[in-house]
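Chemist: Next up is a structure, given as structure tokens.
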Amino acid sequence: MQLQLLPTSHTFFTRFSLSPFIHRNPNMTSGSNSLMWFRKGLRIHDNPALEYAAKNSNHVYPVFVIDPHYMKPDPNSFSPGSNLAGLNRIRFLLESLVDLDSGLKKLGSRLLVLHGEPSDVVIRCLKEWDIKRLCFEYDTEPYYQALDTKVKNYALENGIEVFSPVTHTLFNPVEVIEKNGGKPPLSYQSFLKLAGEPHWSISSPPSTIPPIGDLGNCEVSEVPTVEQLGYQDFQEEDPDPPLFKGGESEALRRLQESTNNKEWVAKFEKPKGDPSAFIRPSTTMLSPYLKFGCLSTRYFYQRVKEVQQEVKNHTSPPVSLIGQLLWRDFFYTVGFGTPNFDRMRGNTICKQIPWNDDDELLAAWRDARTGFPWIDAIMVQLRKWGWIHHLARHSVACFLTRGDLFVHWEKGRDVFERLLIDSDWAINNGNWLWLSCSSFFYQYNRIYSPISFGKKYDPTGAYIRHFLPVLKDMPKEYIYEPWKAPLSVQTKAKCIIGKDYPKPVICHDDAIKECKRRLAAAYELNKKTNGVVSDEDMKKLRRKLVEDQGQGNDSRRLKQKLI
């Protein structure tokens with residue numbers, strides 16, 4: 001099997017042949033030592049890599065490496081957590097590892113937790129434990145591609161068998177891309193035609209796992225607590241009860257609970273749903289479990305298919321539950337096949353747009369200080385819960401980018417990446433490209449209003465009152481636009497706008513017009529240059545926009561007293 005590495009400006013874009021990466025050593029004897037490297041795929045059920053590691057081995061070493069790249073506390077970040085992950089996601093991951101360890105113990109094994117740069121740690125373990133078979137789930141993210149290349153190269157050079165099946169998605173992205181002539185499909189419908197029906201069978205969980213052998217000089221620990229990772233100094237801000245508990249056991253329980261309501265599963269229709277429903281959210285709430293692989297996407301797909309066979313009248317892709325899993329695969333495929341998918345520059349499928357570089361506006365959005373209660377309530381929920389409804393994500397992403405603030409989508413993507421428990425590299429980047437009208441979707445005149453959109457679902461503002469208690473006594477007539485309330489009403493509600501709650505950071509009606517003007521000019525430039533926009537082209541466009549802005553009535557930011 002040939003391995004080809006295509007360099008990009010950021011990392012290595014790795015492309016394998018049609019099948020999962022499997023290198024078998026014909027000289028490997030039965031009864032050798034195997035290492036099962038967990039990253040995602042934190043489960044026992046439908047785990048072909050684990051099943052293969054357990055076959056014909058004397059000893060199996062189940063390993064997870066605590067990676068400082070994601071887990072090291074960062075006291076300078078805007079919320080508790082590491083530089084790349086908020087505390088909600090870190091806690092969920094640790095809970096998932098505890099549950100995985102419990103599942104392994106029932107099979108006669110346990111999880112070996114090590115700390116350090118993952119590729120260095122795994123290579124050291126391969127040496128120390130005389131490993132002859134390395135098994136792990138294939139990962140399409142650029143960060144893991146680079147790690148995996150380093151580890152696989154070492155393994156191949158030292159006669160170690162490598163088994164890395166594609167099981168985090170329904171389809172192998174490489175197969176879909178190769179069917180399309182080496183390029184990823186850029187529309188959902190073209191992806192469906194290329195992908196067809198999935199061809200796999202659910203892997204049977206092992207009834208037992210061979211014991212762990214001698215650990216040698218490798219420093220192995222139990223799953224650490226958040227305090228042991230160094231987060232004991234962080235104080236939670238008025239936390240709501242955690243919405244999610246990590247782990248395969250909880251994932252399977254939630255899946256069972258969802259699929260028990262067969263009528264709901266069959267009639268599920270996105271984008272319908274209530275983004276303001278916080279007591280009982282109107283989705284499966286399984287996305288964090290899919291992100292970490294606590295729940296097999298393939299098993300989820302199979303269970304939904306079984307329900308659809310029982311309930312004849314059911315919704316279909318793209319709006320059905322099956323459709324949502326296929327959307328997930330679509331973004332995984334495009335993300336894997338597009339160099340620099342996670343940025344604007346150097347990304348051939350991304351419109352080049354002169355976004356604002358305004359850290360003040362970004363911080364107001366991130367910290368729920370925009371003065372628009374619907375937007376701010378969503379951002380509070382995101383920080384507290386680590387999750388928000390998909391339509392709520394649409395609202396705040398549109399507001400930050402093409403709707404009102406015209407701040408770069410990469411900045412918003414970074415905030416979501418850090419705060420969402422279900423943050424997923426391909427899906428997060430894909431959705432920000434979509435919602436900023438940078439790729440996939442180009443109807444930039446269609447805006448999520450920060451006022452009327454939420455009011456459609458929650459006219460009394462119960463959602464806002466819950467997450468922004470400073471507004472809890474504001475009359476419903478003003479709950480979405482409190483700056484319009486007379487001072488006497490503000491005084492009675494114990495919320496003076498500009499003192500107790502911010503004034504709006506922009507005038508929405510003016511901002512919409514200005515955003516559309518800028519996007520129209522950017523689209524015209526992209527069309528003129530056939531998408532190849534140089535730095536000089538971008539500078540000229542910025543200058544022109546500023547000149548035109550000076551001649552017209554531009555939206556003016558209302559100076560906000562930060563509180």
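Backbone N, Cα and C define each Cβ position, glycine as well.
Pasting the relevant annotations from TrEMBL:
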DOMAIN    32-170  domain 'Photolyase/cryptochrome alpha/beta'
BINDING   283-287, 324-331, 422-424  FAD binding site
SITE      Trp355  site 'Electron transfer via tryptophanyl radical'
SITE      Trp409  site 'Electron transfer via tryptophanyl radical'
SITE      Trp432  site 'Electron transfer via tryptophanyl radical'
Chemist: DSSP-wise, what's the residue breakdown of the domain 'Photolyase/cryptochrome alpha/beta' (32-170) into helix, strand and coil?
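Modeler: Output for the domain 'Photolyase/cryptochrome alpha/beta' (32-170) reads 58 helix, 34 strand, 47 coil.
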Chemist: If you compare CA-to-CA distances from Ser287 (FAD binding site) to each of the recorded sites Trp355, Trp409, Trp432, which comes out shortest?
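Modeler: So, of the listed recorded sites, the one sitting closest to Ser287 (FAD binding site) is Trp432.
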Chemist: Output, ordered by sequence, the same-chain residues six or more apart from Trp409 (site 'Electron transfer via tryptophanyl radical') with a CB under 8 Å from its CB, or 'none'.
Modeler: Met344, Trp355, Ala397, Leu400, Thr401, Trp432, Leu433, Leu435, Ser436, Ser438
Chemist: Quick one: among the binding-site residues Met285, Leu325, which has the most Cβ atoms sitting within 10 Å of its own Cβ?
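Modeler: Of the binding-site residues Met285, Leu325, the most buried by Cβ count within 10 Å is Leu325.
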Chemist: Out of Trp327, Phe331, Trp355, which has the highest number of nearby Cβ atoms, where nearby means within 10 Å of its Cβ, if these are the recorded positions?
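Modeler: Ranked by Cβ atoms within 10 Å, first place goes to Phe331.
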Chemist: Which residues does Ser423 (FAD binding site) neighbour through Cβ under 8 Å, counting only same-chain ones at least six apart?
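Modeler: Non-local contacts for Ser423 (FAD binding site): Ala85, Arg89, Lys291, Phe416, Glu417.
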